[in-house]
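Q: Below is the structure I would like to discuss, written out as structure tokens.
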Amino acid sequence: MAEAEDSPGEQEATSSKPLFAGLSDVSISQDIPIEGEITIPSGTRAQECDSSTLNESIRRTIMRDLKAVGRKFMHVLYPRKSNTLLRDWDLWGPLILCVSLALMLQKSSVEGKRDGGSPEFAEVFVIIWFGAVTITLNSKLLGGNISFFQSLCVLGYCVLPLNIAMLICRLLLLAGQGPINFMIRLFVVLVMFAWSVIASTAFLADCQPPNRKALAVYPVFLFYFVVSWMILTFTP
């Protein structure tokens, strides 16, 4: 004979029983170990060791920084829209360019006393860095999405064409002064001035709101114009 079906009372009691009621009787042994080791693949470990600079030699660190500066120089000499100069910013290159330009614009102490119109080292240094800071603050006030040091990096590296112009002018002045010499120096300075402006705007223009790009580029134009004027009016 088939088993009798459960009474409605028994079914109701079974359905009202909690789902996890039996888990209260389950106990976990205290002897189960909960220790373990986390293994790192050898390839990942090697990459971390390569990326770490704590154990590298001073010579290797200097060479790595010089190579990075050289790559940024190439970005300025061949300006194109790229985020490399903004992403991997540094101030070593701008410092080197600023010091070298100030040294080339400085006369000897005897000539400086005789001709008071020549800019001194400190004057050139202050003009370049004060101008770069002013342009950076103007960019931030206009709503630019570039950091303070990124802007200083771009403006400093883009002085490179003017450094080349100053070097060429110094070499031309060794042949003496004259109208032809001045016209050649004027042409060189104008070309390098345009190069600096184009290179800097290629990196900074996209960091400004579309309706305020002209307001952000105008101070850059004035900044490099002042530096170019100091180069053009320099006489040994």
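Every residue, even glycine, has its Cβ placed from backbone N, Cα and C.
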Q: Among Ser7, Ser118, can you tell me which residue Swiss-Prot lists with the annotation phosphoserine?
A: Ser7
Q: Do the topological domain labels in Swiss-Prot for Lys67 and Gln208 match, putting them on the same side of the membrane?
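A: According to Swiss-Prot, which assigns topological domains, Lys67 and Gln208 fall on the same side of the membrane.
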Q: Grab the pLDDT values for the topological domain 'Cytoplasmic' (138-147) and give me their mean, rounded.
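A: Average per-residue pLDDT within the topological domain 'Cytoplasmic' (138-147): 84.
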Q: Give residue numbers and ranges for long-range contacts of the topological domain 'Lumenal' (169-185): same chain, 6 or more residues beyond its ends, CB-CB under 8 A.
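A: Beyond its ends, the topological domain 'Lumenal' (169-185) has Cβ neighbours at 104, 231-232, 234-236.
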